Amino acid sequence: MCYLYVELQSVISIPPRLIHRGQASVYDTGCVMATPRADDWSWFPALALGVSFLKCILINAYHSTDFEVHRNWLAITHSLPVSKWYHENTSEWTLDYPPLFAWFEYSLSHVAQHFDKEMLVVQNLIYTSPATILFQRLSVIVTDIVFIYAVKECCRSVREEKGSKDLLGHPFFILAALLLWNFGLLIVDHIHFQYNGFLFGILLLSVARHLQVLYFMTLFLVEQGRHLEGALLFTVLLNLKHIYLYIAPAYGIFLLRSYCFTKDNTDGSVRWSSFSPVRLVALGSIVISVGALSFGPFIAMGQLPQVLSRLFPFKRGLCHAYWAPNVWALYNMVDKALSVLGVRLKLLDVAKLPKASMTGGLVQEFQHSILPSVSPSITLICTLLSIMVMLSIWCRPRGARGFLRCLVVCALGSFMFGWHVHEKAILMAILPFSILAVESREDAGIFLMLTTTGHYSLFPLLFTAAELPIKVLLMLLFTLYSFTSLKKLFRGSLLNPLETTYLLGLVAVEILCEVVYPLSPWQHTLPFVPLLVTSVYCSLGVSYSFIRLYVSLLRQHGTDKHKQL
Amino acid sequence: MENWSLVSICVLFGLTARWAVSLNSYSGAGKPPMFGDYEAQRHWQEVTYNLPVHEWYFNTTDNNLNYWGLDYPPLTAYHSLLCAHDHGFDFCWVLVADLLIYIPAVVLYSFYLSEGSNKKKVCTVLCILLYPGLILIDYGHFQYNSISLGLALWGVVVLGLGWDVLGSLAFVLSLNYKQMELYHSLPFFCYLLGKCFKQGLAGRGLFLLVKIAVTVLVTFALCWLPFLSDPGQILQVVHRLFPVGRGLFEDKVANTWCSLNVLIKIKTILSTDTQLYFSLTTTLLAILPSSIKLLMKPTLWQFKLALVNSSLAFFLFSFQVHEKSILLPALPVCLLLNDLPLPAIWFLQASTFSMLPLFLKDGLLVPYVVTSLAFLFFSIYLLSAFEHCSEDKLRLGPYRRLLICMPRMDLGRVTKWKFYFSITAMAGLSFMSVALAPPDQLPDLFPLLVSVFSYLHFLGLLLYFNIVQIAEPLQSVRKNQKKSN
């Protein structure tokens, strides 16, 4: 019966692309001048090409050990049989991404051999010939095409109000600039070296597929198709890099609630009778088939425990060498302050305190001296508690935008409370949040706080003197643009004086940490202080943004209830 | 968005591109015994910091002039002395100099002296700042051209705003930073003299002339103060600045003599003195028409064109020209980007291309390719160069009058096709220089092809700019002459 219904729908449905075009042109005849959106996208390639040129010119800039990590993976996947991929340990940078990423490296290695065969030899540790550098850098730049396409799709799904005729003031232009020219992505991918661009591209594409549902609400079948596409993309993403597990809860709840249940009660709560098993099976089969494709061969070879032990190394400490600006950074700081205070006041015995080098540079356990130590299970509980608010989309789904907000809360919650979080993980919250920022005034304010502090906290990634000006210039470029464009979009100031003062404080921190402190005598005795100050100062801003985001979600929930009464 | 934020974004983008280029290798990195221009700058810091002023330009036991001896005017020497106090931040100094001198002049020029909407002015700022030749030479090869060019640009801007005395001051400073600024000196002279004539040499004009003359003399005297005590010193400095002994040209340079040398070996046939007089005469002949025209009609538009024509003529015909000197004509051509987009972009691209052998020697292939593509794309897109190339907009009318027998065709379209062809040829030649090994008998084949090909461009554009300048009627009031709002 159900099958018949679907069949019938597919006969009468129009291809989605045609509908979209049709809608746009109808819209255009209404107000031709106000929407350069449908007829002229020539600015988009300009924006994308511009940033690609910038990426190309950074080819010879500093790159971190991640460069060698990926070279090693190219070598492993190219020269060893599949069964050895997760056992190989010649280099200390063993393969610790899920299998699909290994296959991605495998396919890259076939192009790589035309550049320099030597980079594909496992024993050639820290091999950086010019051809290797050129190839690896270009591979990041070229795979960023996925990201560029995803940004374009996101821009098409942005809600816009009839506003200024100026192209520069349009939400989709601003969104495209904020995403394509994102400072964090630029320095992490194209200077530090990682492949986040195309991974975030897949994430944004999946988000865009969910958002675009709104356009075709009337057509049942199209809605279905887009949701499944979104789910498929996200499953692929999970099998490329498992760090995206952090935001999987948001996907799970959203798809279960808004996709598997086809109807709501009049008060917005779930109508249990509308549960569609077909949809659940469709979702399940997507997840399982992608999982089988990726992990299947390793399960067949009986290597699953080995693969999982590589993917989830719990031997690492609570914090990374440089503390990510989250709750644990504040916790460590309080602990340190208390112990110093205790020793000063002669309440504590120095000899009894555990010897711990703070941010010494090695990944190791940090022992707390006063406060109780934190175990992985506690961080897990804290993370889960922090993202409980997501359940609000179960009670009252607010469409794809509610989902997007939950996704950001999820990403930020796990960043705040997670175990061994990297500072780079902040991008997982910043990039999807950009979409919300161009749609509402309040979100724009939170976005400015979060991006500016989050991006500043990435500064220690680039510590070489030659790269100092480039990171400062790029940061200024992005921050200036995001402030002026969002201010123009919402016609007015978005931050209160206290927030502005805090953000200006970042300038002082930067001057103190990178100009004044290196000249002082403490540079040799206490070299970690600048990192500590940066991390603690930024964690204040990130925590504040997290709380505000949380409040905005709760408040929405509250107003909905109020309306209901 | 407000103008200030757009301009700041453009400036930040320009600075980012500059710094990104500096992350590549620089001139002579790891190439003993002479290294390259980076070593020269370092050596000058050493000389100026450790030796007394009167030994700077002399060959002494402490100062071996054969090893990167100081051969720039006193301001360069003072600047080296200043930098020597903070050695280790060399590329920072270039960036600071750029930020303080060149970039403000570009912004002021675009906003006060060029026409069009605000958005168009911002686009002009961005395109001028992205000109690859200057970025690659200053930040890749390592030189301080942005100081001398920036000061000259300040001269143009200030003169354009009507402050003649300050303008001549800025230009004299630039001349004292690099003697190559002489390429620009005749238009400055003719423009100011023309203005004095216009105001009447009997009355206010004379007063203005005296004021300017005094400013020039005093500025010169101040710059040369430490050397004035002894005529021997002055002569030695002048001798260092104009090394006649180094011959008509060095290496491969895209000017007349080097290109002519392929057919006739002038360098061996003629004596050095004959070469000197010969080049002097041809240079003077080449700059004469534009100078006379400027003298009769001292407007900003004429002044800009005369700057192009004079510096380009110097580059093509004068004695001892370096390939980097193409930056001198490139500066005034940048100022024409807004008025004549296509020819200006064409020239600027050709000028970058003409320095290809130098960039390859310095290992700047990637930045060369990227910045050239970025400049071409952005300038054509932002200035909508292809929409502004009708026969009328390109001022090609005089060609019709000159060549009556020419078949009827759309000259604008022809120009566009020529442009496509030349860009493709440049890309092809760049590719060949990198990828192919030259035949054994002709090891310099590709550099020579590059310079001859660029030379043809320069010659053609010299003619074009001269015709545009000369063809402008003397009396009628054109839009361009009005000082823009």
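Every residue gets a Cβ built from N, Cα and C, even glycine.
Taken verbatim from TrEMBL:
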| type | residues | note |
| --- | --- | --- |
| SIGNAL | B:1-22 | signal peptide |
| TRANSMEM | B:88-110 | transmembrane segment |
| TRANSMEM | B:122-139 | transmembrane segment |
| TRANSMEM | B:151-175 | transmembrane segment |
| TRANSMEM | B:205-227 | transmembrane segment |
| TRANSMEM | B:300-319 | transmembrane segment |
| TRANSMEM | B:326-348 | transmembrane segment |
| TRANSMEM | B:368-386 | transmembrane segment |
| TRANSMEM | B:419-439 | transmembrane segment |
| TRANSMEM | B:445-465 | transmembrane segment |
- Task: Using a Cβ cut-off of under 8 Å, list the residues of the same chain at least 6 residues beyond the transmembrane segment (B:88-110) that approach it.
- Result: 7, 11, 14-15, 18-19, 22, 38, 41-42, 121-122, 124-125, 128-129, 138-139, 142, 144, 146-147, 149-151, 153-154, 156-157, 160, 334-335, 338
- Query: Does the transmembrane segment (B:368-386) come near the transmembrane segment (B:205-227), with 3+ Cβ pairs under 8 Å (pairs 6 or more apart)?
  - Reply: no
- Task: For the transmembrane segment (B:326-348) and the transmembrane segment (B:205-227), decide whether they are in contact, meaning at least 3 CB pairs lie under 8 A, counting pairs 6 or more apart in sequence.
- Result: no
- Item | Close approaches to the transmembrane segment (B:122-139) from elsewhere in its chain (Cβ under 8 angstroms; 6 or more beyond its ends) | 3, 6-7, 10-11, 13-14, 17-19, 21-22, 91, 94, 98, 103, 106-107, 109-111, 114, 116, 145-146, 149, 324, 326-327, 330, 334-335, 337-338, 348, 351-352, 355, 359, 364, 367-368, 371-372, 374-375, 378-379, 382-383
- Note on the structure: Within the same chain, the residues 6 or more beyond the ends of the transmembrane segment (B:151-175) and with Cβ under 8 Å of it are 73, 75, 101-102, 105-106, 108-109, 112-113, 181-182, 184-185, 188, 191-192, 195, 208, 211-212, 215-216, 219-220, 223, 300, 303-304, 307, 331-332, 335, 483
